[in-house]
Amino acid sequence: MISHLFQTYGRRTVEFVKGNGTKVIDNNGKQYLDFTSGIGVCNLGHCHPTVMKAVQEQLNDIWHISNLFTNSLQEEVASLLTENIALDYVFFCNSGAEANEAALKLARKHTGKSLVVTCEQSFHGRTFGTMSATGQNKVKEGFGPLLPSFLHTPFNDIKALKEVMNEEVAAVMVEVVQGEGGVIPADLSFLKEIETLCKKFGSLFIIDEVQTGIGRTGTLFAYEQMGIDPHIVTTAKALGNGIPVGAMIGRKELGTSFTAGSHGSTFGGNYVAMAAAKEVLQVSKRLSFLKEVQEKGEYVLQKLQEELQHVECIQNIRGKGLMVGIECTHEVASFIEQLEKEGLLVLQAGPNVIRLLPPLIVTNEELEQAVYMIKKVVCTKNVSII
C-alpha cells in the first residue's frame with residue numbers, strides 16, 4: 001500500500017488495535033506487555049476506566065468553545081496541579097513542546113533577558129524554540145539557522161554551568177531525569193547549584209517534567225524529591241493519559257508577565273482534555289498510589305540488578321521510580337526487536353540504552369515477567385549485535 005504520510009517516524013511494522021491496562025493487542029490477535037506507555041503517556045494504563053468515563057461524560061456535554069470564556073474545569077485542574085507545591089498559576093496547552101515554549105517565552109518576558117542555558121543531550125521539543133533549547137544535534141540537522149541565545153552545558157557538570165552563568169541569563173532549563181538522553185538522573189548537587197546560581201543572577205529556574213511528571217518517579221513531580229524550588233515546571237504526556245494536554249506551571253510573581261493577548265492556545269485547556277486531566281490527577285495524587293510507584297520502582301531495579309548483573313553486555317542499570325534505563329555495551333535496536341517478538345514492548349534512549357516506561361498500574365508479577373524476558377533476550381547469543 002502506498003503511504004501518504006510524511007516518513008517522520010521509524011515505525012515498527014506491528015499495528016495495535018486494542019489496549020487494556022498494561023496490555024495491547026495487535027491486528028493479528030497477539031498480546032503484548034506494554035513497557036512504553038506510549039512514551040510515558042498512558043501512566044494509568046490503556047483505557048483506564050474512570051478516565052474513560054470522565055471523557056465520555058464530557059463528550060455528551062461540550063467539547064470546545066474558546067479561551068475567551070470562563071472554564072471552571074480549567075480552574076479545577078489548575079488547583080489540583082498547584083496543590084501542595086510552591087507554584088500558583090497554570091497555562092494549559094496541548095503538548096510538552098508547547099508547555100516548554102510557553103516557559104521560554106515567559107522567562108524572556110519576565111526577566112527582559114534572552115540567554116537560556118540548557119544541557120547537552122537534553123530534549124525539550126521540536127518547535128523552533130524548544131528545538132533550539134534541545135541539546136541533541138540530531139534533532140536540529142537541516143533546520144538551521146536556529147534561534148540564537150541558547151547555550152548547552154554538560155549534564156551534571158557544575159563547573160561548566162558556573163562558567164556560562166551571568167547576569168544576561170534569563171533562565172536555566174533542565175530535566176530531573178534525562179529521558180531521551182539515556183535515562184540519566186540529575187545529581188542533587190547539580191540541581192541545588194542551578195537554584196543557587198539562578199538566585200544569584202536573577203535567572204528563572206525551569207524544570208522540564210514532561211516525561212517525569214504525573215507520578216512517574218513516585219511523586220507527582222520528580223523535583224519534589226530533590227528539595228528544590230523552581231520558578232516554572234512544565235508537564236504534558238501523562239497529564240491526559242492519551243488525551244493531548246500540557247501545562248506550564250509558574251510562581252505567582254510571574255503572573256503579571258503573561259497578560260491578555262501575550263500568549264495563548266486555541267485548543268489548550270479544552271473541556272475534553274480537562275475532564276481527562278482532572279481524573280488523571282485525582283487518581284495519581286493519591287499517596288497510596290504514589291507509594292506503590294516508589295515501591296515498584298525499587299522492586300524492578302532490584303530484580304534487574306539480580307538477574308543482569310553478570311551479563312557481559314550490560315554496562316549499567318539506573319532509573320528513578322518506574323523510569324528505568326538499561327545501558328548496554330553496544331547498540332540495542334536488535335534487542336528491542338527481539339523483545340517485541342517475545343511480547344514485550346520497550347523503548348530506546350540513545351543508541352545503547354533500553355528504556356522501560358511501564359504503566360504505573362503494573363504489577364510486580366508483570367515486572368518480573370518483563371525482567372525475565374529481557375534476560376532471555378540479552379543472554380541469547382544469536383541476537384545480532386548492530
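Including glycine, each Cβ sits where the backbone N, Cα and C put it.
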Legend entry - Per Swiss-Prot, member of Phe123, Phe190, Phe289 binding pyridoxal 5'-phosphate alongside Gly96, Ala97, Asp208, Glu209, Val210, Gln211, Thr266: Phe123
Inset, instruction - Measure from the Cα of Arg126 (N(2)-acetyl-L-ornithine binding site) to the Cα of every one of the binding-site residues Gly96, Ala97, Asp208, Glu209, then give the nearest. - result: Ala97
Legend entry - Rounded Cα-Cα span from Lys237 (N6-(pyridoxal phosphate)lysine) to Phe123 (pyridoxal 5'-phosphate binding site), Å: 14
Inset, instruction - Please find which two of Gly96, Ala97, Phe123, Asp208, Glu209, Val210, Gln211, Thr266 have the most distant C-alpha atoms, given that the record lists them as binding pyridoxal 5'-phosphate, and give only that distance in angstrom, rounded to a whole number. - result: 25
Inset, instruction - Just name the winner among Gln211, Ser265, Thr266 (the binding-site residues) by count of other CB atoms within 10 A of its CB. - result: Gln211
